[in-house]
Each structure stands twice: as C-alpha cells, then as structure tokens.
Amino acid sequence: MTRYIVGRVLQAIVVLWAAFTVTFMILYLLPADPVKLQLGAAGIDEDSLTAEQVAALKHEFGLDKSIWGQYWDRLTGALTGDFGQSLTQHAPVMELIDQRIGHTLLLSATAAVLSLVVGALLAYLATFVRFNLLRVFLSRLPSLGASFPQFFIALLLIQYFSFELGLFPATGTAGFKSVVLPAVTISLLTSSLLAQVLIKSFEETLRQPYVVTARAKGLSRSAVHLRHAFRNAALPAVTLLGVLVGLTVTQSIVVETVFTREGIGRLAQQAVLSQDVPVVLGIVTVAAALFVLVNLVVDLLYPLLDPRISHGRAGRVRTPDASVEVTSI
Amino acid sequence: MTATLPENGRPEPGARPLVEIRGLDVGYARRREVTPAVIGLDLRIDPGEIVAVVGESGSGKTTTANAVIGLLPAGGRITAGSAVIDGVETAGATERALRPLRGRVVGLVPQDPMVGLNPTRRVGAQIGEAVKLRGVRGPAVGAEVLELLGQAGVPEPELRARQYPHELSGGLRQRVLIAIALAGRPKLIIADEPTSALDVTVEKRILDHLTGLVREQGISLLLITHDLAVAADRADRVVVMRDGRIVEQGDPRVILGSPREDYTRQLIAAAPGLAHGGRVVPRFDVRDQPAPEPILTLTGVSKTFGAGDARRGQRGFNALDGVTLSVPRGRTHALVGESGCGKTTTLRIALGLEAPTSGSVVLDGTEIAGLSWGGLRPLRRKAQIVHQNPFAALDPKFTIKQSIIEPLVAMRVGDRRGRHLRAKELLDQVALPASYLDRLPTELSGGQRQRVAIARALAPSPDLLMLDEPVSALDVSVQEQILRLLTDLQTELGLSYLFVSHDLAVVAEISHTVSVMSRGRVVEEGPVAEVFTNPRSPHTRELIDAIPGQRTAAWAGNGKETLLTANGS
C-alpha cells in the first residue's frame, strides 16, 4: 500500500513537471516581447528608452538568458513557490494567485458538491421511478442540461434571481451568497454529465444477476436500489469524478467572467489576453497540481469502494478477472 | 413454518399443492410485439416434492421459474392463465403482493454463482439481509448466518462470512447462494441450472447437498436443467419442455424407460451418461493397437509462477510438476481433471503461449520450449486452439468470414479470392451454409458459434487442434452434435486432438487415450477404455462417480425395470 502511494505521488510529480514544461515551451514560442508589455503597462513608450536601458531591463528579468537558462530559472523558482513578477500587474504572481484562489476553490467546491448531489439524486430517481412518462422525462433531463450554453443559463439566473427576486447578488465576490448563482451555473453541466454516466451505469447494474438474487430474497425495490445497485453503479462514475472536479475549475473561467468574480479564472483570462506569461504559467501549474491531487485522492478511494481492487504489496492492482479461474472446493 | 410431513418426508396424497400453474402463457414484449416464451403451461408441485424441468436453451424453462417467483426480466409478462403459489395468485399480482412470497415462500438459487452475489458486500451481510427480513434482529442474525453457511456446507463459516464474493471459489459462492435461499425458511427452492458453470465433481457435490437439504427440511425443489441425466438422478418428477410447451412429464423411471415423445428420446440419446444406461462406455478401444507416432510430446514439464504473479493465487506455487504426455498422430488424447489442476497451463505451454520452467515440448519433431515468439510463428500453422466459451471467442464486430480467414490473413496465406473460397469450404466442413459468411456472431446460436470457432481453427490446415473444454458451455444436445462433428473431422482430415475437459462422459465419447491430472501432476494415464473401466487413482474414480446418470445406472443394474434399450450395457 505504501509503495503504491509513493509510486502514485512520484507519478503525480512527473505529470506536474510535464504540464509546467509544456506550458513554458508554448508560452516561449508566443511572439510577445515581455519588456514591451511591461513598459506598456507602466505607460512608457519603448522607443523613449535607450538600447542600454532595454538591455538592463532584460537582464533584470533574466530575459537575456537562453531558453534553457530561463526555463531553469522558472523551474527552480516554481519549486520554491516563486513564479516571478507579473508583467502587467505590479505584484508577484504567487501573491495574485493567493488573493484569488480562495474564491475559486470555494466556487469549485460548491459546484462539485452540488453536481454530486444533484447528479446522483437525478440518476437515482430516473432509474427508480416506475411511472414511465416521468422516468423517460428524468432520464432525458441530463442531455438537456448538458446542451445549454453556460453564459445563457448564467444570464437567465441573474435576470430572475438577482434582478427580479433580488435573492442573490448578480456580481461580485462578497459572501457565500455570491457563490450560489455561479455554482448553480457550473453544476448544471457537471451534474448533467455525472447523471448521464450514472443512469447508464444504474441501468447496467440493475440487469446484473445479483440484483435478481437480492430481489428474490424479498427485499423491497428501494432496498435493492440503495443497498445493492447504488454502490456498484457508482463505481464507473468515480473515475469521472476527478475529471468533473477539474472541469469545475476550467468552467469557473467562463463563469467568473460572466459574474465578474475575482477568481483565478478571471485572472487567467486577463493574463492570457495581455500575454502575461509568468501569471499564465503560475495558474497552469497550480491548476495542474489541483487536478493531480484530486485524481490521486480518487484512486486511493477506489479500493474503499470496490473490495475487488486492492493496491497490494507489489503495487499490482488485482482485478476480478485475475481470479476468474477458480479452484473448486 | 413448514407443513408437518409424514416420516418419509413425502406429503400425504390430496394435500394442497404448493405450486399450481394452469394454462400459463408468458411472453416478452418487444416493440409492441409479444413473443411467446411459455404456452399453456400446467405444472403442479406438491410440498416436499422435487420436480425437474428439462429442456434446451430457449425452451422456456427459466421463464417458467421466473414467472413463479414474479421476477420476469424487463418486457416479460404473464398474458394468460394462473399461477397460484402457496395460495397466492401471482398472475397479474402487484409487486406488493409478490414480495412476501419471495424469500419467505420461494427461495432462488440462480444460474451463475460467479455473478449471482453483490461484489461489493461481504458474504455474511448478504445472507444476514435475508435473515433480517424474517424479523430477526441483533446478534441472533450473525449466529443464524453462520448456521446457514454450515448447513449449505461451507467450511470455516466464521472466516467466509467476513469475505467478499471474489475471494471465494465458484462452488463456495454457489453454497453461499444456497444459504441465502435457505435464509428465508422457504417452502420451495427454485434452482435454475445451479451448477452448469461448475465442474462436474463440484456439480455433483452441490446438487447432492442441495437435494439432501430439501429432503431433510421438507422443502420442495424446482430444479431447472438442460441435462436430463442430472434431472433423472434427483427428481421425483421430470417435466420435459420444448418451445414453451411441456412435451411430457412423469416419474423419471417412466420418462427414461419408456419415453413417449421423440424429443425425449433425443434428449436421452444426447446425454452421454444416459445413452449407455448411466455407464461410461468409451467409444474407442485402442488397448490392443500400437500407438501411432506422437505429434506432440511433453516431457517432464514443470511450471512455477513467481511470487507476486497474479496467477499464483489460483492454485499454489507449482502450477505443473513434471507433466509428461503425448498426443498420438490422428488420435485424440484427453486431459482431464478439476478446475485448477493445471490443464489450462499445460495447454498454454503445449501451444507455446507460455514457457515451461523446465522440461521439453516437441511439436511435430521440433522442440518449442525456449523458442522465441518469432521462432514459434511458423509452427503456429501446425497447432490451433478452440476455446471453451464460443460466446466470448469470436469478435462481435467481425463477420463470420472475417473471423474464419483471420488466421490466413495473419499468416499471409493465399489471396482475397483464395481466402473466400477457403472460408466457404471451411463452413461446409463444419456443416454451416455458405450464407452464414456475412453474418455476425450475435445472429448465431452457441453451437453454431462453436462450429465457426472450429472452422477458424481449421483455416491454416493444422495437424493438431487443442480443444479447451469445447462443449462445456453448450446444451447437452448441442454438445453431442459438436462431438460428432469433431469425430467426423478427425476421420476426414486425419487431425490429432488434445482435448481438455472435466467431464469424463464427454471424454469417453471422443478420446482414444487420456491423462488424468490433479494438483499439477499426471496421476493416471492410458487408453480411455482401460482407465475408465479400471481406474486406479482415486481422482479418476471421483471424476467417474460425478458423471450424471448414476441413479439411472443403478436402476438398470438392479434389473427391476428395463429402462433403456440395452445396447450400451
């Protein structure tokens, strides 16, 4: 088990490093001149400076080094949590991220919990209800939810809940109330995706012979559904969980813009538009770290949910297939 | 709980039947069309009676069982007739009315123990759940779970109750399912092909145990099976079904002794154990003939799986221990034994898919042990394999023609036209029409798929076929057809077979010589006629005893009734 965890953590580190490197290379290839950008942000025209002054500036930011020299600086900096100065905002990248990440994490977490609850509940009902019309309606609902554009939903929500009812603020980052509408907007997509997978999985599970065994015992439908079908149906969806949580982070970019929230998403959008390379690199690395962490947690959760999987001594994942050929009693 | 029964465990005549089905029609609705599965069925089961329903797949026997317990699969519904279970009408009954019947009145032992238990819950909890439905609470539940496991013949019940299904063998899982069926203290147990996924020796032990239990506790048993021999050995009454209708029913002695219907006669002829009055009569006797040159020889083959190898857990550390056997050219050599005795490992080594730890494997004069993958490739034309499960052995996306010519494409034999002609020829050899070339496996029955698998194995014109339990997944009547096809192909093409099986009745039908394996060793070998009539090893004897049809054999032996045309005895 320990060996498995160590292996997975090492894997996670490699993934992080790869994400950092690829992002760095892409950003390096962009035809942007960092010095010009910075001067522009400070309101100075590049032409008013002498060649020596420009060279001095380049030297100050390490831009006169080769690509590998710059890469090395960035990488060692990132390892100590230092992503350098923002080119357009006069603050260290880490500070910018630090100020905003709380807002984004709260939004992501709320959206994730919301999609989990709504998605699971919808799938549960859609497979449990026996009235055919309602059943069909419920099971089609997720495809509808997934196909609505988010900005449209966001605008509808703002129009109704903020302007007409005045229940939640339309914009801003203040208080938990401000999280509700953005979280609902995000979870509409993610809960739909989860519900779609869960419904399929439920239908598959309910066809399994052990469900017949459970019903033949005389258990009620709800007992069979909850105690026998639910956990087994949830297994394929657990893998999706890591992706979904990652999706709530990327979705927040769109949603934070619509709701003008001070979050990582908006920071990323601004940074990309102004070609603020250090900020983009910082955000990508932090997001990748989050993503890797969530997936690691999901993988460690798996054996708790499915007793057939054990992260055994040799780190070998034992699947049920390995024991298909059994010895007789 | 259970009705007071007279001493012999049989009900008094005139007692109210436990199950009374009259004119039952069951159909499956699909796209507004109802396909009938059971037509006008009349069936009565008395308290304490053991009734066996026999028929091929698709005969409606499982549908009947499901209708009795109100658990028809989606789309299935009772369209006419009545089915009264313990005084309750189940035709048209609501879920609420049916639920008290399930578990408490009717217990179910499902078909495939490998998938019949919830993989994510402990075995004890799954039994306990059924106990709790009777209103038992607290520590009494745990105690009763252990008692039920003990009754079902599970050793070390305390340990087993804490395990998950995947930690148990198939036989143990089936015993757990029996414990679940018993947990509700039912009056009737429905056992739907309870052992068709298990070894013959395990099958016999489990069926004997189950019938013993129901006799002891006065429970009725509805045994569903495709094997008339299994039914005849245990039932008070045998019901033969075909195409949703009852063909004939009655006392097994009468059914077997003087069947009225042709169909019943076919079933008797198809069951290897019954065809010869319940005795194993080898078809070929090669005791006095000199053995031809061997095409395949294994000498002192051992196989050790290293620690941490996934396959190690299946059975000990030494998978094979000094296995020596040879397949004579143009003959069939059988490799028999229980699951996990090393049959499949031997087969894989003989095919060169697995390297032996030590020993030599000579195929057609070439030593293949230690050959590289590339070095082996030319030899692959000489030996081909046919797998156990025809439903899994064919790529569902390939047409029959694509499946058959795949080995030719892989080995670059012939051109487009040549391959097409070869595919047609091969289909003809396995007695399938050429129109099947463009069909998909899903359109074929199990027996037809196995014919395709055989055709595919024959495509590169091999000298040797490795047959890994080629008929165990098939109905008895289909088994017989496939065995006959294999025998015909052998005479026609001069093929040699290495035939792996756990069913000695099947082996007797096709093999000339045999090796009996147990725990990775060959415990007995020789001509089938010698080994089966005069077994020296207890393992061989146990395998022979497990062949269904023994009770019938005893009747025949006593000579009280002339059961069968005595050509075999």
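Quick reminder: no glycine exception, Cβ is built from N, Cα and C everywhere.
TrEMBL entries are annotated by machine, without manual review.
Residues or ranges marked as domain 'ABC transmembrane type-1' by TrEMBL: A:101-302.
Within the same chain, residues 67, 70-71, 74-75, 78, 275, 277, 280-281, 284-285, 288-289, 292-293, 295-296 sit at least 6 positions outside the transmembrane segment (A:12-30) and bring their C-beta atoms closer than 8 Å to a C-beta of that stretch. The transmembrane segment annotation in TrEMBL covers A:12-30 (among others).
For A:105-129 (among others), the entry in TrEMBL reads transmembrane segment.
Outside the transmembrane segment (A:141-160) by six or more residues, the chain places 119, 122, 126, 170, 181-182, 184-186, 188-189, 191-193, 195-196, 199, 251, 254-255, 258-259 with a CB less than 8 A from a CB of the stretch. Under the heading transmembrane segment, TrEMBL lists A:141-160 (among others).
What TrEMBL records for A:180-199 (among others) is transmembrane segment. Sequence-distant neighbours of the transmembrane segment (A:180-199) (same chain, 6+ residues past either end, Cβ-Cβ under 8 Å): 107-108, 110-112, 114-116, 118-120, 122-124, 126-127, 139, 141-146, 148, 150, 153-154, 157-158, 161-162, 168, 170, 233-234, 236-237, 240, 244, 247-248, 251-252, 255-256, 258-259, 261.
Residues 104, 107-108, 111-112, 115-116, 150-151, 154-155, 158, 170-172, 178, 181-182, 185-187, 189-190, 193-194, 197-198, 201, 265-266, 268-269, 287, 290-291, 294-295, 298, 301-302, 305 of the same chain lie 6+ residues outside the transmembrane segment (A:237-259) yet bring a C-beta within less than 8 angstroms of a C-beta in it. Summarising the annotation, TrEMBL assigns transmembrane segment to A:237-259 (among others).
Residues 5, 8-9, 12, 15-16, 19-20, 23-24, 27, 74, 78, 83, 86-89, 93-94, 96-97, 101, 238-239, 241-242, 245-246, 249-250, 264, 267-268, 271-272, 309 of the same chain lie 6+ residues outside the transmembrane segment (A:279-302) yet bring a C-beta within less than 8 angstroms of a C-beta in it. If you look up TrEMBL, you'll see A:279-302 (among others) marked as transmembrane segment.
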